[in-house]
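Enquirer: Annotations for this protein, taken from TrEMBL, read as follows:
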BINDING   G70, G71, R92, N199  substrate binding site
DOMAIN    30-277  domain 'Aspartate/glutamate/uridylate kinase'
SITE      K35  site 'Transition state stabilizer'
SITE      K259  site 'Transition state stabilizer'
Amino acid sequence: MTHDTLSEAGALTVNTLSEALPFIQRYDKKTIVIKYGGHAMADISLAKGFARDVVLLKHMGVNPVIVHGGGPQIGDALKRLNVTSKFEDGLRVTDAATMEIVEMVLSGSINKTIVRAINMAGGNAVGLSGADSNLILAEKATKTRKDPDSNIEKILDLGFVGEPKHVDPTILETLASQNTDFIPVVAPVGFGLEGESYNINADTAAGAIASALKAERLLLLTDVKGVLDSDKNLIRELDQEMATQLILSGAISGGMIPKIETALTAVKNGVKASVILDGRTPHALLTELFTDHGAGTLIS
Ligand SMILES: Nc1ncnc2c1ncn2[C@@H]1O[C@H](COP(=O)(O)OP(=O)(O)O)[C@@H](O)[C@H]1O
Ligand SMILES: CC(=O)N[C@@H](CCC(=O)OP(=O)(O)O)C(=O)O
């Protein structure tokens, strides 16, 4: 690189930093809940980049709360143990033996891998699951499906799949209020009233936590650019009406449906806005929060 191109690059960086000022002011001391999915953490360099970005956010005055998934990693562990696993409407049917493994993987290995990565990047992460400090009280998920032949609504028994019934955010608020540098990292495992554990979809857990905290943003990191229309173009902004139309037309399907529903519900429950964005893009979090153009689909 010549001296000129180097100084041009330097000027560009400084301009970008300077343009970030209004965004840094907007998010100062604000809570941002980030759902970090299992696919996004599989790539080591992306995972390191994610940890650095979270630490940078904290240094910039933001209060990031991480809620992680781990679907692919649970799948690998179950395969190694010869336990078969199936999904109904995007949720893993979870019997008692599967639940034990789900909890080991989510609250154990994955949670601690993320905690270590953030700490290695210079942060001070604290790993929690929904059982810690009564964070996520869950109850058995009640899902139904219409039988196509008889048109009768059937109840699906998903075992220990749970839905958040009550989130007590005291521990997260306490960590944030002490002016410490703690970064909470939450595994989506809820506790039941009988002492049982529940496997909660990580998007759902992140949405419930964001709602309880009245977060400024719920960022759902996934493995596509954002919500795409029927021509596969990125939709920059989406509201309830558009989402309903796109679901009815079939342009939005599969795992994207519960993700959008979570994003919309969070907004209805007091989260300022939700964003679905690409966790495969380096620095997706920083681009979303600190640039004019953002990164994915804003849902408000
Ligand atoms: N309109 C759409 N826009 C983007 N993705 C969509 C759309 N419709 C369906 N999808 C699917 O939804 C997936 C994201 O949901 P999911 O696999 O549950 O994500 P994650 O594992 O990150 O939680 C995408 O990889 C894509 O295959
Ligand atoms: C009930 C249910 O399906 N739970 C999920 C929890 C993990 C998760 O949601 O992880 P991702 O975000 O990486 O997909 C599961 O068992 O896979």
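Quick reminder: no glycine exception, Cβ is built from N, Cα and C everywhere.
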Enquirer: Where's the emptiest Cβ shell within 10 Å among the recorded positions K35, G70, R92?
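Expert: Selected from the recorded positions K35, G70, R92 on minimum Cβ neighbours within 10 Å: R92.
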Enquirer: Other than G70, G71, R92, N199 themselves, what residues in this chain have Cβ atoms within 8 Å of the centroid of the substrate site's Cβ atoms?
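Expert: These residues sit around the substrate site: G38, G69, I74, G75, T94, V102, V105, L106, P188, N201, A202.
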Enquirer: Nearest to K259 (site 'Transition state stabilizer') by Cα, among K35, G70, G71, R92, N199 (recorded positions)?
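Expert: Checked the recorded positions K35, G70, G71, R92, N199; minimum Cα distance to K259 (site 'Transition state stabilizer') goes to K35.
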Enquirer: In whole Å, how far is K35 (site 'Transition state stabilizer') from G71 (substrate binding site) when you measure between their Cα atoms?
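Expert: A Cα-Cα distance of 13 Å.
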Enquirer: Do me a favour and check the Cα-Cα span between R92 (substrate binding site) and K35 (site 'Transition state stabilizer'); whole Å is fine.
Expert: 18
Enquirer: Check each residue in the chain of N199 (substrate binding site) that is at least six apart in sequence and keep those whose C-beta is under 8 Å from its C-beta; list them in sequence order.
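Expert: For N199 (substrate binding site), the qualifying residues are R92, T94, T98, M99, V102, E103, L106, F160, V161, G162, P188, V189.
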Enquirer: Rounded to whole angstrom, what's the largest C-alpha distance between any two of G70, G71, R92, N199, listed as binding substrate?
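Expert: Largest Cα to Cα distance for the substrate-binding set is 12 Å.
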Enquirer: List the Cα distance (Å, whole number) between G70 (substrate binding site) and K35 (site 'Transition state stabilizer').
Expert: 11
Enquirer: Just to be sure I understand the packing, how many Cβ atoms besides its own are within 10 Å of the Cβ of G71 (substrate binding site)?
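Expert: A count of 20.
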Enquirer: Let me know how many other Cβ atoms fall within 10 Å of the Cβ of K259 (site 'Transition state stabilizer').
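Expert: K259 (site 'Transition state stabilizer'): 24 neighbouring Cβ atoms within 10 Å.
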